[in-house]
Each structure stands twice: as C-alpha cells, then as structure tokens.
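One structure is given below, encoded as structure tokens.
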Amino acid sequence: MEDVEKQADCSSVRGPSIETSAYENLNRHSALQPPDALLLPTNMTNRDRGWAGWLAVFGAFLALFCSFGQMNAFGTYQSWYSHHQLSNHSQFSISWIGSLQLWTFFFMGGPIGRLFDAYGPSPVMLFGTVLLTFSMLMTSISTKYYEFLLFQGFFFGLSVGSLFYPSLAAVSTHFDEYRASALGVVAAGSGVGGVVYPIMLRQLFLRTGYAWAVRASTLLSVACCIVALVTVKRVEGPKKCSGWMDVKMLKDACFMLLATGSFFICLGIFTPFFYIVNYAEDRALVSQNTGFYVLSVMNAGGVFGRIVPAILSDKMGRYNLLMPTSFLAGLSCLVFWMLAKTMIAVMGFAAVYGFLSGAFISVITPCVAQISDINEIGSRIGALYTLISIPSLIGGPIAGALIQCQDGSYTGVIGLSGSSIIIGSLFILACRLRINRNICARV
C-alpha cells in the first residue's frame, strides 16, 4: 500500500489511491473540496452521523467540563487565596499555581498524545480520573504554599491533560466534514465548567468552608469522568509504526508556523482569566463577594465562542476563522480592557474576550488535524500543546511581576497580553497563506 508523500511547502498533493492512508495537504485547487477530504482514508469517511461519534462528543464534553473547565476557574481560587490561605504571598507568587497547572497540562501533551496513539483513550483517561481525584482531595487539606504548587499546580494539571487530549483526539477520529463543529461542542464543555465552577466554589466557600467546597467540586468531577470513560472511544485507523518523536512535523512549514503563532497567542490569552477578578476588585468595580461573576461572564462568552466559530469554520474554513478571531481577541485587550473603567465596561469586555478567545481553544485542534495524518493526530496535537506550555507557564507570573513593578497598574499587563496575541495571529495568517494564497479559498 502506497502512502502519499506530504510536501513540506504545502503547495501540492499527489492524488491518493482508494487504499491509501493520505496526509492532508491543501493546494490552490483543494478549496473546492471539504477541508478534510484528504485527511482520512477513503474507507474512514462519512462517519459524521454515527452514534458512537456523538456519544464520544457527549463524554468528551463532560471530561472537559470537569477538567479544563475547573482550570478556567483558577481566578476564583487566586482571589480566595490572596485573602485567606496565602494572604502573606504576593499575586506574583500565587499566580505560579495556575501557571504550573497550565504548563503541566500543555507540556504533557506530547507524551499523552503518543500514549493515545498507542493505547487509545481509556487507559489514559482512567489514570487522569484517579489523579484528578487525588490531587483535588489533597488540595482541600493543603495549607502551605508548596502543597498548593504540588497538588493543585502539578498533579491537577497532569490530570487535566490526561483527560483533555484523549477526549479531543478520540472525537477527531469520528468526524470528517463536521469535525470542527463536533470539537467545538466538546470544547464548550470547558467554557460551561468555567461558568459553573466559579459560582459553585464561591458560594460553597462562604457556606461550607474551603475544604468541603473543594471536595464537593471533586465529587462532581469524578461523576463526569466516569461517564466520559464509558462513552469516549476512538475509530481505529490503519496501523502504522511510528516512533515517539515525529521528526517530520519539524520539517512541516505549515505546522511550525501554526505552532509559532500558538506560542505567542498563549503568552497572553490566559492572562485575563487569571487577573480579571483582581482587576475588577482592585478598582472597586465589584466587591470580593461578587468579583467571581466577572470570570463567569468571561467563561460564558467562551461557551458561545467555542461553538459558533467552530460551526462556521466547517463552512468557511478553519484557518479563515482562527486568524481573525485571534487578532480581534488581542485587539479587544488593547481597546476594551484598557478603557474598562466601570463595571458594565468590564463585564462587556469579559463577554467579548471570552467569545473571541474561546474560538482559539476550539478551532486550533481541528486546524492541527487538518494538516495531519489520522494516525498522527494525537501526537501532533500533543506536540503543539507541549510547545505552548512554555508561554503558558511564564505568562501569568510575568503579568503579576508587571503589576508589582507598576505599583498596581494593569497597563503593562494589558499591553503585553494584547500585543502577544496579535503577533501570534500574524503567524497564523502566514500559515493560512502558505496552505493557499487565494484569500477567497476555504482553508
């Protein structure tokens, strides 16, 4: 059986035979075809209506709800810690907990992606479920800074990765034409979790105390994970031996441009989620008991941002949606956040930014899948997230350091966040043009 060679310059594709497992690589004429027409073998198309696929979507939605959605609620934890358990620590120090979560989650993407390719989603997700339970129960009894770093930072971040990557990769194997729509629904789970967990945690903090609030959220998370374990399965592709390091992706100009753009975007995209609550409280726009609603509004915007752009991208092209929404997310920081001086303005920015940033979260995965072989989807998604672990780790602490250096001013933080996202969107544009220079093409 003869494989189609993937060209490094993304400019041409040799037509696959009926038995070929082809790499997808769009050229100028491929805009007339569905974007994923070359991604899957001919015997693995037309899966969009299968019940197994939509069951996987449901389970993956729940997996992201309780994992990445809970990670999106860290702004609530940071605000609570700054007034209670870690009140003697600076915002810079506390932000390292959330940044360590993100770094661990992203950095482990490569190894977890390879494990998914080798063994499927179930073993990896079972490990993630056990680790999530352990990490959050230990977080509920933590009192020292290093304990929060270890359990809520490192272990919880690893558990989120063990649930997140297999879920997205498994769903990707079930869908062809509507892949981005399916993944958008899945990614919306993290947005819904980002709405539910801040409100639930804040109310439980006040009524039951910190420890039991965290335990209650753990119980909810475990229930969701069990359903995900039963429903998230993958479609088996043709077996192909591959090593733990895919050197070909380093020679793929399209993939490297996409990865570089994602690197810059992730340097700033999570900063508003970490600091929007503190921003509103420090300016007396909201009280300490209502500030978490700002984060919930941002995550609520992210729910729609994960679904609507993903559905549109199946019709207009994934890269055609990813670039402008990323650019506008950065611009919204520089304009709306910079000028937000009232509660209404902050809430408005939170909703707009949540929507635009949510588009990146949901569309980036199908963009990777679009230029990857089906047997390498897991490893390539993981490799991308491993790369962006670095900016995700340093973005929050850099923002905290800027606030300290500027005596509580958020101007530098807003400028860094917005400009880095805009720079990243320009690399996404370069990637899109390298795939197809026709600006009217569906890419």
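One is the number of the first residue shown, and numbering goes on along the chain from there.
Using N, Cα and C of the backbone, Cβ positions are placed for all residues, glycine too.
Here TrEMBL flags 51-73 (among others) as transmembrane segment.
Residues or ranges marked as domain 'Major facilitator superfamily (MFS) profile' by TrEMBL: 52-436. Within the model, the domain 'Major facilitator superfamily (MFS) profile' (52-436) shows a mean pLDDT value of 90, rounded to a whole number.
For the transmembrane segment (93-112), the residues of the chain that approach it from at least six positions outside its boundaries are 68, 71, 74-75, 77-78, 81-82, 86, 124, 145, 148-149, 152-154, 156-158, 160-162, 164-166, 266, 270, 274, 379, 381-390, 392-397, 399-400, judged by C-beta separation under 8 angstroms. Residues annotated as transmembrane segment in TrEMBL: 93-112 (among others).
Among residues of the same chain six or more beyond the transmembrane segment (124-142), those with a C-beta under 8 A of the stretch's C-beta atoms are 63, 66-67, 85, 112, 115-116, 148, 151-152, 155-156, 158-163, 165-167, 210-212, 214-215, 217-218, 221-222, 225-226, 228-229, 232. Annotated transmembrane segment per TrEMBL: 124-142 (among others), in sequence order.
For 148-168 (among others), the entry in TrEMBL reads transmembrane segment. Long-range contacts of the transmembrane segment (148-168) within the same chain, counting only residues at least 6 positions beyond its ends with a Cβ under 8 Å from a Cβ of the stretch, are 59-60, 63-64, 66-68, 70-71, 77, 81, 85-86, 96-106, 108-109, 112-113, 116, 120-121, 124-125, 127-129, 131-132, 134-136, 138-139, 142, 183, 186-187, 225, 228, 232, 365, 378, 381-382, 385.
Here TrEMBL flags 180-200 (among others) as transmembrane segment.
Sequence-distant neighbours of the transmembrane segment (212-232) (same chain, 6+ residues past either end, Cβ-Cβ under 8 Å): 55-56, 58-60, 62-63, 65-67, 70, 121-122, 125-126, 128-129, 132-133, 136-137, 139-140, 163, 166-167, 170-171, 197, 200-201, 204-205. Here TrEMBL flags 212-232 (among others) as transmembrane segment.
According to TrEMBL, the transmembrane segment annotation covers 253-277 (among others).
Sequence-remote contacts of a segment are chain residues at least 6 beyond its ends whose Cβ falls under 8 Å from one of its Cβ atoms, and for the transmembrane segment (292-312) they are 69, 72-73, 75-76, 79, 180-181, 183-185, 187-188, 190-195, 198-199, 201-202, 272-273, 276-277, 280, 286, 321, 325, 346-347, 350-359, 361-363, 366. Annotation comment: TrEMBL describes 292-312 (among others) as transmembrane segment.
Sequence annotations record features per position, and here TrEMBL assigns transmembrane segment to 319-340 (among others). Residues of the same chain lying 6 or more positions beyond the ends of the transmembrane segment (319-340) and with a Cβ under 8 Å from any Cβ of it are 261, 265, 268-269, 272, 305, 309, 312-313, 346, 348-349, 352-353, 356-357, 359-360, 363-364, 367, 370, 411, 414-415, 417-426, 428-429, 431-432, 435, 442-443.
Residues 36, 39, 168, 172, 179-180, 183-184, 186-188, 190-191, 255, 258, 262, 265, 269, 272, 276, 279-280, 285-286, 294-295, 297-310, 313, 318-319, 321-322, 325-326, 328-329, 332-333, 336-337, 340, 377, 380-381, 384 of the same chain lie 6 or more positions beyond the ends of the transmembrane segment (346-369) yet place their CB under 8 Å from a CB of it. The feature transmembrane segment is assigned by TrEMBL to 346-369 (among others).
Taken from TrEMBL, the feature transmembrane segment applies to 381-403 (among others).
Marked as transmembrane segment by TrEMBL: 409-429 (among others).
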* In the same chain, who gets a Cβ under 8 Å from the transmembrane segment (180-200) while lying at least 6 residues past its ends? -> 48, 53-54, 57, 60-73, 75-76, 167-168, 171-172, 174, 213, 216-217, 220, 273, 292-293, 295-296, 298-311, 313-314, 318, 354, 358, 361-363, 365-366
